[in-house]
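What Swiss-Prot annotates here:
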| type | residues | note |
| --- | --- | --- |
| COMPBIAS | 218-228 | compositional bias 'Low complexity' |
| CROSSLNK | Lys348 | SUMO1 cross-link |
| DOMAIN | 319-453 | domain 'C-CAP/cofactor C-like' |
| MOD_RES | Tyr31 | phosphotyrosine |
| MOD_RES | Ser34 | phosphoserine |
| MOD_RES | Lys287 | N6-methyllysine |
| MOD_RES | Ser290 | phosphoserine |
| MOD_RES | Ser295 | phosphoserine |
| MOD_RES | Ser301 | phosphoserine |
| MOD_RES | Ser308 | phosphoserine |
| MOD_RES | Ser310 | phosphoserine |
| REGION | 216-237 | region 'Disordered' |
| REGION | 278-319 | region 'Disordered' |
Amino acid sequence: MADMQNLVERLERAVGRLEAVSHTSDMHRGYADSPSKAGAAPYVQAFDSLLAGPVAEYLKISKEIGGDVQKHAEMVHTGLKLERALLVTASQCQQPAENKLSDLLAPISEQIKEVITFREKNRGSKLFNHLSAVSESIQALGWVAMAPKPGPYVKEMNDAAMFYTNRVLKEYKDVDKKHVDWVKAYLSIWTELQAYIKEFHTTGLAWSKTGPVAKELSGLPSGPSAGSCPPPPPPCPPPPPVSTISCSYESASRSSLFAQINQGESITHALKHVSDDMKTHKNPALKAQSGPVRSGPKPFSAPKPQTSPSPKRATKKEPAVLELEGKKWRVENQENVSNLVIEDTELKQVAYIYKCVNTTLQIKGKINSITVDNCKKLGLVFDDVVGIVEIINSKDVKVQVMGKVPTISINKTDGCHAYLSKNSLDCEIVSAKSSEMNVLIPTEGGDFNEFPVPEQFKTLWNGQKLVTTVTEIAG
């Protein structure tokens with residue numbers, strides 16, 4: 001009896017230690033108030049590991065950096081928690097219809113918009129590249145609606161982030177290692193998510209085959225509905241009983257019909273002979289008495305929904321900006337201006353040109369770098385740039401260097417003419433996802449010769465590696 005008592009006490013102590021460890025783990029993950037994980041689906045537990053690993057590291061470093069990066073990280077964290085709630089729902093409930101599914105995804109979609117809007121509202125931020133990296137890739141949270149290839153979709157978003165994280169690395173690699181660690185932590189979220197999707201949701205979000213149809217998100221850290229699916233809707237009322245009289249009538253009519261059919265040719269004996277004076281095409285007088293001929297019923301067409309025309313929302317015009325903010329020249333929202341000039345520049349200053357339309361800008365002196373973003377029909381003339389000139393998300397841009405520039409980068413741009421000076425003939429032209437690019441080389445007579453930048457390539461496997469060459473289209 002004493003041995004049994006000792007065994008019970010040892011078991012109780014062991015259980016107590018396990019509960020303490022479990023509680024500490026939950027507190028560490030920040031989900032102590034979330035539903036119990038004892039019965040959580042394996043892919044929910046795996047997602048929790050992702051939250052406790054790279055996500056927690058990203059949040060920690062973002063908090064150390066502070067400012068806009070920390071605020072942005074908190075928004076990302078909210079989006080990930082909403083995604084976890086959807087995973088809990090999917091693990092317990094069946095997939096709803098398409099229109100209901102969009103309602104379930106709405107909170108995640110709204111959070112994605114909030115993250116993107118934060119970047120747009122803080123274009124003057126000193127940490128704008130950090131915000132852009134997050135904003136360009138946060139749509140990866142939408143993988144839950146992507147089928148049958150959610151994994152490649154996340155990779156595409158991750159690649160979009162790297163365009164800006166490379167800038168962060170270039171700016172901080174010799175200045176502050178904390179920002180380098182931030183880049184590694186943030187990108188690891190999406191690489192880990194790709195591995196997670198490959199293991200649990202290869203062709204799309206895996207829904208439960210049993211349980212009620214999902215109606216709302218469950219598994220949120222707080223809220224009365226956390227951890228359980230909504231109760232199933234009540235069954236539809238039974239159809240009204242069919243009248244026995246109508247049943248007997250239909251049965252009798254059907255029997256009569258088959259009886260007449262079974263008569264064979266003898267059924268024609270009951271038909272009356274129609275003489276010529278009874279035929280309308282033989283007797284015009286009878287045709288005149290018969291009145292207008294009725295047309296048959298029109299084929300069914302679904303009624304068009306009557307929608308009241310919604311008034312067009314007046315787009316708010318942003319104020320034009322031309323100012324020096326710290327070490328950044330901001331040129332924004334300029335339209336139909338042909339004489340903009342920036343003078344008194346310094347080597348450490350940069351220029352950011354955003355949303356300018358049909359505008360010409362001249363930058364005098366030597367400057368660190370120039371970025372042209374989301375501009376149309378922009379003419380840019382500058383003297384010297386020691387770093388890089390970047391053209392992003394723009395259309396019909398003309399750039400002329402009077403002095404020297406080492407690199408011109410063209411990304412997601414349709415129509416770009418780069419006029420080089422004699423001192424810039426060794427300039428590197430780097431392009432991606434762009435079209436109608438031309439480089440103009442000066443001649444001895446003062447004119448320019450135009451050379452198109454290749455847009456079409458051919459790639460072959462030579463047995464050891466891929467070899468890519470330019471493909472020329474024969475005209």
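Keep in mind that glycine also has a Cβ here, set from the backbone N, Cα and C atoms.
Note on the residue listed as 'SUMO1 cross-link': other Cβ atoms within 10 Å of its Cβ, all shown chains, come to 10.
Reduced to three states, the DSSP call for Lys348 (SUMO1 cross-link) is coil. Across the domain 'C-CAP/cofactor C-like' (319-453), the model assigns an average pLDDT of 93.
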